[in-house]
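Undergrad: Here it is, the structure, as structure tokens.
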Amino acid sequence: MEGEKNWIVVPTWRIPGRLEKWHSLVKYLKHRTKELQQVSYVPHHKVGWAWWTCSRVIFPLKEEAYLEVQGYWNLTPERGFLSSYAVRLTWYKRSFYTDVTPDVADQLLHGSYFSCFTANEVRRAIRGEKILSYCNYPSAHEGQVPSLQFLALRVIQEGKDGSQGESATRKQRRRNNRRSIRLARKNNNRAQQGSSQPLAPRTHFPGLAEVLGILA
């Protein structure tokens, strides 16, 4: 008698293409800039029995918690193993785990990775001094109710005066985002060859949804 099929259903976020850009960016930030040095990247050939998993990226967080971005492929075997891709975002601590949305995942990551404004920046701004720290993960603050201090620092960082639209600072940050991703895609061979070039500047991380190309 044929045994019953057991199905495991998990929430996933569909993406339009392959995951090379995501993998390259993780390796770039892990090995090149060292900003994700503690992150574990597990490629598909080391995953083991889960043949539908193309990668696992595990971010250690505070208080012994973890955020895992698990990439899936070949999700439509009944249609001939089409090249369909998706990701699953999971937060877990010891024996408890839960799936999270991309915006929550960004907030969790920003609590441990990519620098933000320090507590002294408000006093520096009031005294008219130069701001020494900036938020390199702006998308992690979306969906939150920001404080007036944070909004003021964001205005200073972005260089907006309320009438002239985008400043060179915001445009530069967008260029930095594109540059980080572009360098990540070309960095794999260079890193393997032991390049002696200096480390890249601190990265402005555009957020998981943008990097992965998550489709809402």
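Glycine is treated like the rest: Cβ placed from N, Cα and C.
So Swiss-Prot lists the following for this protein:
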- 170-180: compositional bias 'Basic residues' (COMPBIAS)
- THR98: phosphothreonine (MOD_RES)
- 154-168: region 'Multimerization' (REGION)
- 110-141: motif 'HCCH motif' (MOTIF)
- 147-156: motif 'BC-box-like motif' (MOTIF)
Undergrad: List, in sequence order, the same-chain residues at least six positions removed whose CB sits under 8 Å from that of THR98 (phosphothreonine)?
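TA: Correct list: THR90, TRP91, TYR92.
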Undergrad: If I take every residue in the motif 'HCCH motif' (110-141) and average their pLDDT values, what number comes out?
TA: 74
